[in-house]
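Quick notes on the structure that follows.
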Amino acid sequence: MNFAKRFTIRSTAAAMMGLALGTTGLMTSHAANAGEVTIWAWDPNFNIAIMQEAAKRYTAKNPGVTFKIVDMAKADVEQKLQTTLASGVTKNLPDIVLVEDYNAPKYLRSFPGAFESLSGKVDHKAFANYKVNLMTMGGKVYGLPFDTGTTGMYYRSDLIKQAGFTDKDMQNITWDRYLEIGKQVEAKTGKKMFAMDPQDIASIRIMMQSAGRWYFDKDGKLDIKNNPALKAALETQVKFMKTGVYKPTSGWGEWVGALNKGDVASVITGVWITGSVKAEASQSGKWAVAATPRLNVPGSTNASNLGGSSWYVLAAGKEKAAAADFLNQIYAKDVDFYQTILQSRGAVGSLLASRNGKAYSEADPFFGGDKVWQKYSDWMSKVPSVNYGIYTAEGDAAVAAQLPGLAQGMPVEKALENIHNQLASQIK
Amino acid sequence: MAPKPTTSYRRFYDVNGWLFVSVALGLIGVFMAYPIVRSLWMSLHAGQGTVVEFVGMGNVVRLASDPVFLKALQNTCIFLVIQVPIMLLLALVMASCLNMPNLRFRGLLRTAVFLPCVTSLVAYSVVFKSMFSYDGLVNHALAWLGLIGEPIPWLNDPFWSKVVIIIAITWRWTGYNMIFYLAAMQNIDKSIYEAARIDGISAYRRFVSITIPNLKPVILFTTVTSTIGTLQLFDEPMNITTVGTVFSDNTLTLSMYIYNLSFKFVPNFGYAATVSYVIVLLVAALAAIQFYAARERN
């Protein structure tokens, strides 16, 4: 789900909210009754609301099991989990916890034995392959894949037409073509093509994964200096900065504000942005959706991923059996549940069967009557699987550190070398 | 040779005395001594989360070749060297202005200057973040005054983001230091100023030759505490200049790096503990230098 928003939540209210909510969580999980499954997650409008719906469905069939869903800021969930696991005192841990996909391999590797293997309890073949791969370690699958961050390009068809392009021109394009269109759009309409924080590396991650590459290769070894996808991504980023085709913003609020105020003609990001795009009802019918642009490197596809998270069962949880059964019954089998959360929350789950449901084939008048969800589920099955490895955060930091230099004209080869050196020193 | 039964010796073996302090000693042991010793032990280990091994001085060796650590150290030093002198000078000037006996609305003005340091760190950071954003108040004001054509990328640029942090900490902490100076100024004997005035000494000379020397112990105190505060700088860079997934490299401080190593990156508590000890050593060394520089010379 909503990836950038979570950071804003963290950086503003987290410190205050976290303390208050965190302590309540600690104290209440102590008093867990028999048969009460405790769950930690973030974002009341998305994950929490979806979990409440899932819990309602499960309790209807299994009245003996109750749920305690604790809402915390994302950073607090991560901190509490990390510190509690590191301390070795497990009795305050929940039964189920939400983990962002980028963090999953790191937790599995750093805290062996802390998470319960769900192999044999859940049929993981029913889920999108790339989600299952990142939670597999030593042949065992540890989580239950939840929402995807499948990416797409949302664009203002009215502005694109004004610039002299048709909807057909936007399908399955490259980033270079996207940039050309962007220049036209600015010349003809005076609007920028997209909004971006010049320090954010989200678009670089999208580009890299679209070519099936990451900071690390399949064996987890550093893959920087000879990584064509990362190189092309950095070059594209430099082109963005040099042509000034984007509106610079800082923070989630300004970024979404640029979309809703009509300052920009497109946004390329994870599917979780849908709700925010649709928040401006006056723009209904003006937006359309096309596939993510691809890089000019072999193997790059018009499908990628940004963000997304999954549910994990903790091995120390008292109710871990009930927790696993709950996840299996609802998240791995209940196709109707996925229709409900898609319609009410815009959540695209990674259960492949959910795509056959009714809600996925419905046309959305906001997007000019397009069957948006069908497109997303199609792209979801094409997202190349990559090995995030355990050092994604370190990789992001190393790339972000080079962006100011690149903007000032540093050669991309030099930046790649710096990224390699920084990462090599960090992953000891 | 047998120890002489002095008073202090007898006191050492007095059970009642130990009983009186035992609770305090126990608490200090558990909540101060143990964490210190344990974190030192921790800093000799490295690894991922709970998978750690003893590396001895390995973490210290790693520090030397870690570009992120060096960057954080560099940023922290820039903040320290530029911000602390500006702030203390400003506080001194403000204190001496607000100490003028014939100043009107003194109470009100003193409160106004002191007010920033009772605001919440997070709340004021959020306000600064919005003021200095692209579409923020500061850029609008500067554009309206005709000083800038293009908005300044306050929060994204390596140089300007540091400026914002320096402005923010100065805003927050100047009043705090001013209060110390104000209190100390009121303890300076007024007759010294009177004598100086009769001798025809200018206001500037009175400030430099009477006020500052008399405030020396307080200036030393504020310098040491401000140094410690800046070396532990975390809230402002975290809340004002952090974007996206990672802390901005432009304003990364040592404390933020410790946070990254413990909670954002693969948890490496041993290495994080080592970086914390770097702060401890820096604080100790800088305080020693400051005490040495301010010592009484006979």
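One-based numbering along the chain as shown.
Cβ from N, Cα, C; glycine included.
Summarising the annotation, TrEMBL assigns transmembrane segment to B:12-34 (among others).
Summarising the annotation, TrEMBL assigns transmembrane segment to B:72-95 (among others).
Per TrEMBL, the feature domain 'ABC transmembrane type-1' maps to B:73-290.
Taken from TrEMBL, the feature transmembrane segment applies to B:107-127 (among others).
The feature transmembrane segment is assigned by TrEMBL to B:163-184 (among others). Residues 79, 82-83, 86-88, 90-92, 94-96, 98-99, 110, 113-117, 119, 121, 124-125, 128, 132, 154-155, 214-215, 217-219, 221-222, 226, 229-230, 233, 236-237, 240-241, 251 of the same chain lie 6 or more positions beyond the ends of the transmembrane segment (B:163-184) yet place their CB under 8 Å from a CB of it.
Per TrEMBL, transmembrane segment is recorded for B:215-234 (among others).
Residues or ranges marked as transmembrane segment in TrEMBL: B:269-293 (among others). Tertiary proximity for the transmembrane segment (B:269-293) is limited to same-chain residues at least six positions away from its ends with a CB under 8 Å from its CB atoms, namely 39-40, 42-47, 52, 55, 59-60, 62-63, 69, 73, 220, 223-224, 227-228, 231-232, 254-255, 257-258, 261-262.
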What else in the chain is close to the transmembrane segment (B:72-95), if you only count residues 6 or more beyond its ends and a Cβ gap under 8 Å?
113, 162, 165-166, 169-170, 173-175, 177-178, 180-182, 185, 211-212, 215, 219, 222-223, 226-227, 230-231, 233, 250-254, 256-257, 278
